[in-house]
Amino acid sequence: MRSKAKTRRMAMKTEKQKTAAAQNQATARQAAGSGITLRPGQNIRVTIRRLGINGEGVGYYKRQVVFIDGTLPGEVVAAEIVDIETNYAVGKLKKIMQPSPQRVEPACPVYRSCGGCQLQHLSYPGQLEAKMEMVREAFRRYTGLKEVPLRPIAGMDHPWAYRNKAQLQAGYMNGKMVAGLYAPGTHHIVELTDCPIQHPKTNEIIQGTRNVLEELNIPAYDERKKTGVVRTIVARIGFETEDCQLTLVTATEKIPREAELVQRLRARLPDVKSIMQNVNPRKTSLIFGDKTRVLWGASHIDEQLGEVKFSLSPRAFFQLNPEQTVKLYNYVKEAAALTGRELVVDAYCGVGTIGLWLAPEAKEVRGIEIIPEAVEDAKRNARRSRINNARFYAGKAEVILPQWVKQGIKPDVVVVDPPRSGCGRPLLEALVKVKPKRIVYVSCNPATLAKDCDALLKGGFTIEWIQPVDMFPHTAHVECVVSTYRVDK
């Protein structure tokens, strides 16, 4: 909820300056008509009612919404108000007066400073319950549904070591090169050496690479000084194949002592079959740049889900939790209700994962993806899996879909798996006009999912069921599959 830019600015001030600045902001906002009467520096006692979409506790003080990180539903806490926005206040936890019985000790030693996870202090059953409530609350808020057809969430039996890819920033701490994540709202790197939600092999690759870079004195990139080389270390593993890939994201095309670097990496990390370089010279929050080259080995690694084989380049999107991905895609298959006679359109196909999963039970699958590189990966994956009824096209779904309809090609089922921002109005309008029998919506953001589903409801579709899937245990994220259908009168 808090602005990262604002947090960075405030971090440079003293506590006294912070409070004074926030008080001035609060006064200005109130003069403009804000309904918040709380003030920065004010100490309050509040009961936490639920979790917000980012995992923060949500409480109400004299009917004013207060967000407090690190708190859980049912807890009574003491907090200090640190920021005021138009419709809510932000508090800093001072003391837990009455802890939740669901509160547990986090497994990760840097959990409270890292920011990669938001819910390790909540028991896993408690996390599942909270995520279901997030989805239910979003649909209540953004749709006219009186009853939300929500199924029980699909969790994990062992919710650790599930991530197949790690992307850690390179930097320095006390003169030592480290790899880690930026602490929330800062440019301070929190070192990660053994992340418990990562596959152990990705942790090993990251640390081995860091050690080699330090030994060869190949510097990390300094964003402020615009000096150095290595920005990000990316490690990926195929859970089924055990193929490993290392990608160095650099600010410069030239890597000092490149031949020696590759030689040492091969010796230190014998399981790695692909060593890549991606060049990103821009000032941006994006990890990858446009140029990628092979330093040694293969340009791709292989992975397999069920009977479908995938070839993954460094920039290729692939779900981070393979075990839960199989569950997710089987729910997509259930929602599609295929009989073998349907034309299926996968509107955000990426490297073809969902479309290829559905292809054996469909007449034809057509995937649309805006990134040409991903389209080529999808075609390659179809060939490797010997799937002959799937075709992939580069472009925007909201443009291509209506063109197909004009040509007499009308989909029976459309699957959408958009980014967190949702489908966008042009595609939603196109879907309503195209009128497929079923739309299967896959989402990682309950708020945009519910808003988009409201547009589909108004466009004549009915929501059959909503299936949450816990793709990212110990974080605030939850994935959903929504089954919708249309009955033409």
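Glycine residues also receive a Cβ, built from the backbone N, Cα and C atoms like all the rest.
The annotation compositional bias 'Basic residues' is assigned in TrEMBL to 1-11.
Among the features that TrEMBL reports, compositional bias 'Low complexity' is placed at 19-32.
Neighbour count (other Cβ atoms within 10 Å of the Cβ, all protein chains): 26 for Glu369 (S-adenosyl-L-methionine binding site). In the three-state DSSP scheme, Glu369 (S-adenosyl-L-methionine binding site) falls into the strand class. Feature annotation from TrEMBL assigns S-adenosyl-L-methionine binding site to Gln319, Tyr348, Glu369, Asp417.
The active site annotation in TrEMBL covers Cys444. A sphere of 10 angstroms centred on the C-beta of Cys444 (active site) encloses 17 other C-beta atoms.
TrEMBL lists Cys444 with the feature active site, nucleophile. The secondary structure of Cys444 (active site), as reduced to three states from DSSP, is coil rather than helix or strand.
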- Distance from Cys444 (active site) back to Tyr348 (S-adenosyl-L-methionine binding site), taken between C-alpha atoms, in Å: 14
- Message: In whole Å, how far does the CA atom of Cys444 (active site) lie from that of Glu369 (S-adenosyl-L-methionine binding site)?
- Response: 18
- Item | Cβ neighbours of Tyr348 (S-adenosyl-L-methionine binding site) where a neighbour is any other Cβ within 10 Å | 20
- In the same chain, which residues outside the set Gln319, Tyr348, Glu369, Asp417 have their CB within 8 A of the centroid of the CB atoms that define the S-adenosyl-L-methionine site? Phe317, Asp346, Cys349, Gly350, Thr353, Ile354, Pro418, Val442
- Note on the structure: Around the Cβ of Asp417 (S-adenosyl-L-methionine binding site), other Cβ atoms found within 10 Å total 23
